[in-house]
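**Student:** First, the structure itself, so that you have it in front of you.
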Amino acid sequence: MSTAPNAKNNISLKKSVGDVFRLTAKRVLMRVDFNVPMQNGHITNDYRIRAAIPTIRRVIDQGGICILLSHLGRPRGVSMVAGVRDIRRRYHEAQFHDNKGKTAFFSVLPGEEKVKILAKSSAREEATHISPEVKSGKTMLFARLPEDEKKSLLMQYLNENKDSALPQMSVSAGYEEQYSLRPVAVRLAELLGQHVYFAHDCLDARVEVSRLKRGNVMLLENVRFYSEENGENAEEREAMAKILASYGDVYISDAFGAAHRDSATMTGIPKILGHGAAGYLMEKEISYFAKVLGNPPRPLVAIVGGAKVSEKIQLLDNMLQRIDYLLIGGAMAYTFLKAQGYSIGKSKCEESKLEFARSLLKKAEDRKVQIILPIDHVCHTEFKAVDSPLITEDQNIPEGHMALDIGPKTIEKYVQTIGKCKSAIWNGPMGVFEMVPYSKGTFAIAKAMGRGTQKRGLMSIIGGGESAGAAELCGKLSISHVSTGGGASLELLEGKTLPGVAVLDDKE
C-alpha cells in the first residue's frame, strides 16, 4: 500500500537546543512537562522528570541559567487580577504601620540575621564592632535608626527570606497543596546532583530570578495555579506570558505532553520573545512522529486499542491513509465485531458508531489496508478479576459475558503481523491490563514491539498514555520511542497541527 496523495505530514523538524549557541549567562526559560503521578505528596513515576535532564544539562553545562516552567494536574486556578490582589494583601499584612512593631520584630530575629541587617544600614560602621552574641547592643542600635530606614531594611529582609521569616508569603496565589511542584523540585535536585531553587509563585518570581547565577536551576510553581495559562481569552494569556517572558532571554520547549495546548507558556512566551527551540526530548518526539507520518519503513502497522471508537475516529481515518495493517483491540473492537454481525454478549458497544465501523472497513478494503480484529476473547460475566476467565472459541462472545482482553489466538496473529512489519505505532491497550488476568494481550504487544526493535531494527513508537504505562510495566524493552504525550501524540496521529510545536522555529 502506498501513502494516499492527500495524506499530508502535519509536523516539520524544528530548531533544537543543539542549534542554539552561546547560552552562557543567558536566562533560559524552559517549558517542561513535569505532570507526574503523585500519591500522598510522593512521586510514583519520575520518567517525565528524567526525560528532561539532558536538555537541562545542556543549558547549565554551557553556563546558562535554567528557569523551568511546568503544570501539574488540573488545579482550579485563579485569575491574575485576583492573584495580584492576594499578593498585595499579604504584603500589606506583613508591613509595619504607624511606626509600630519594627524594633520588636527585629528583636526576635537570630543574632546572625540582625548583624546582616545592620551591615546594610547607615550605622554599618558601628555595627562592625557588634557580635552576633546575645545582649551585644544590636537591637539598641537598630532602635536608634530613622523609622523609614527601619522599615526599608526589614522589608528588604522579608523579601529575601520570605520562606523562613514570612511563611504566609511562601505560597502561590491559587495554591493547592496536592498540585504543588515542590516535591518535583526535590526529586529534580536529586537527579541533577545540585540544588534546585523553587519560586513559590510563577508570576511573582522576579526577585528570585534576578539572584540566579550561571549554572543555577530554578523551578517555578505550577503555572496552572493561574487560570490564564489555559484560558480562552487570548489577551489574558498574553498578559501572563509577558510576565513570564520578562524572566528570560531564550525559550526552549521540552513539553511535548502539553504541545496540543495553545497556552501562555507553550505558545505565548515564544511569540513574545520572537523565537523558540525544541529541547532534546521534544526534538526526539518530533523526529519520530515526522518519520511515521511521512515516509516510514514499510510495511507499517498501527495497533489501536482503548475503550471507545468515538475517541479514535479521527486517528483511524487519518492513519488509514498511511498504513498497511491495522490491528484493533480493547473495547472499541467490539463495535467493529458487531458491525460485522458477530455476537458480543454484554461487551461494550457504541451503537451510534456501527455505521462508521462499516464505513472504515470498506475504506480499508478499497485502499488495500488489512484490518485485523480479534478472533477470540478472554471473558467474564462481571468486570472483575477471576482466576479462570472464559476463553472463547472464536469471534463470538457468549450471552451474559463481556470481553476484557484479546485471546491467545488473537495474540498469536497480532504478534505475527508485527513480525512482518518494519514500522509499528501503538496507541491504546488491548484489554483491562490493570487486572492481571486481562493483561496478557497488552503486554504481548509491548514485548513483540520490543523484540522486533532489538532483533531486526523495527521502528517502534508507543504513543503515550496507557500504552506507555503498560510498556513500562513490562520492564526494560527496546522500543525506538515511547512518547511522553498521550493527548499530543493522539492529536498528531489524527492529522492535527500542534500549536506548541508549530510556534517553534523551523530547522534551517
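From the backbone N, Cα and C atoms, a Cβ is placed for every residue, glycine too.
Per Swiss-Prot, the feature (2R)-3-phosphoglycerate binding site maps to Val32, Asp33, Phe34, Asn35, Arg48, Ser70, His71, Gly73, Arg74, Arg224, His260, Arg261, Lys308; the stated evidence is similarity to another entry. Under the heading CDP binding site, Swiss-Prot lists Gly306, Glu311, Gly330, Gly428, Phe433, citing similarity to another entry as support. The feature ADP binding site is assigned by Swiss-Prot to Gly306, Ala307, Lys312, Gly330, Ala403, Asn427, Phe433, Glu434, Glu466, Ser467, with similarity to another entry given as support. Residues annotated as ATP binding site in Swiss-Prot: Ala307, Lys312, Ala331, Ala403, Glu434, Glu466, Ser467. According to Swiss-Prot, the feature Mg(2+) binding site maps to Ala307, Glu311, Glu466. What Swiss-Prot lists as AMP binding site is Ala307, Lys308, Lys312, Ala331, Ala403, Glu434.
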**Student:** Take the C-alpha atoms of Ala403 (ADP binding site) and Val32 ((2R)-3-phosphoglycerate binding site) and report the distance between them in angstrom, rounded.
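**Tutor:** Roughly 39 Å, rounded to the nearest whole number.
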**Student:** Far apart in sequence but close in space: which same-chain residues, 6 or more away, have a Cβ under 8 Å from Arg74 ((2R)-3-phosphoglycerate binding site)?
**Tutor:** Tyr179, Arg224
**Student:** Looking at the binding-site residues listed here (Lys312, Gly330, Ala331, Phe433, Glu466), whose Cα lies nearest to that of Arg48 ((2R)-3-phosphoglycerate binding site)?
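**Tutor:** Among Lys312, Gly330, Ala331, Phe433, Glu466, Glu466.
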**Student:** Radius 10 Å, atoms counted are CB only; among the binding-site residues Glu311, Glu434, Glu466, which position scores highest?
**Tutor:** Glu466
**Student:** Within 10 Å of Glu466 (ADP binding site) by C-alpha distance: pick out those among the binding-site residues Val32, Gly306, Ala307, Lys308, Ala331, Gly428, and say none if nothing qualifies.
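**Tutor:** Taking Val32, Gly306, Ala307, Lys308, Ala331, Gly428 one by one, the ones whose Cα falls within 10 Å of Glu466 (ADP binding site) are Gly306, Gly428.
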**Student:** Can you give me the same-chain residues 6 or more apart in sequence from Gly428 (CDP binding site) with a CB-CB distance under 8 Å?
**Tutor:** Ile303, Val304, Gly305, Gly306, Lys312, Gly329, Gly330, Met332, Gly465, Glu466, Ser467
**Student:** Taking 10 A as the limit, how many CB atoms besides its own sit near the CB of Phe433 (CDP binding site)?
**Tutor:** 24
**Student:** Please give the greatest C-alpha separation between any two of the AMP-binding residues Ala307, Lys308, Lys312, Ala331, Ala403, Glu434, in angstrom, as a whole number.
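**Tutor:** In whole numbers, the farthest two Cα atoms are 21 Å apart.
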**Student:** If you count the other Cβ atoms within 10 Å of each Cβ, which of the binding-site residues Gly306, Gly330 comes out on top?
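**Tutor:** Most Cβ neighbours within 10 Å: Gly330.
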**Student:** For Val32, Ala307, listed as binding-site residues, tell me which one has the smallest number of other Cβ atoms within 10 Å.
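**Tutor:** The binding-site residues Val32, Ala307 were compared, and Ala307 has the fewest Cβ atoms within 10 Å.
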**Student:** Across all protein chains in the structure, which of the binding-site residues Arg48, His71, His260, Lys308, Lys312 has the highest Cβ count within 10 Å?
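**Tutor:** Per the Cβ count, the most surrounded site is His71.
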**Student:** Out of Val32, Phe34, His71, His260, Phe433, the binding-site residues in the record, which is closest to Ala307 (ATP binding site) when you go by Cα distance?
**Tutor:** Phe433
**Student:** Just going by other Cβ atoms within 10 Å, which of the binding-site residues Ala331, Ala403 has the emptiest spot?
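**Tutor:** Least crowded of the binding-site residues Ala331, Ala403, by Cβ count within 10 Å, is Ala331.
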**Student:** Any idea of the Cα spread of the ADP site, Gly306, Ala307, Lys312, Gly330, Ala403, Asn427, Phe433, Glu434, Glu466, Ser467, as a max distance in Å?
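**Tutor:** Per the listed residues, the maximum Cα distance equals 21 Å.
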**Student:** Using DSSP, would you call Arg48 ((2R)-3-phosphoglycerate binding site) helix, strand or coil?
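**Tutor:** Going by the DSSP assignment, Arg48 ((2R)-3-phosphoglycerate binding site) falls within a helical segment, counted as helix.
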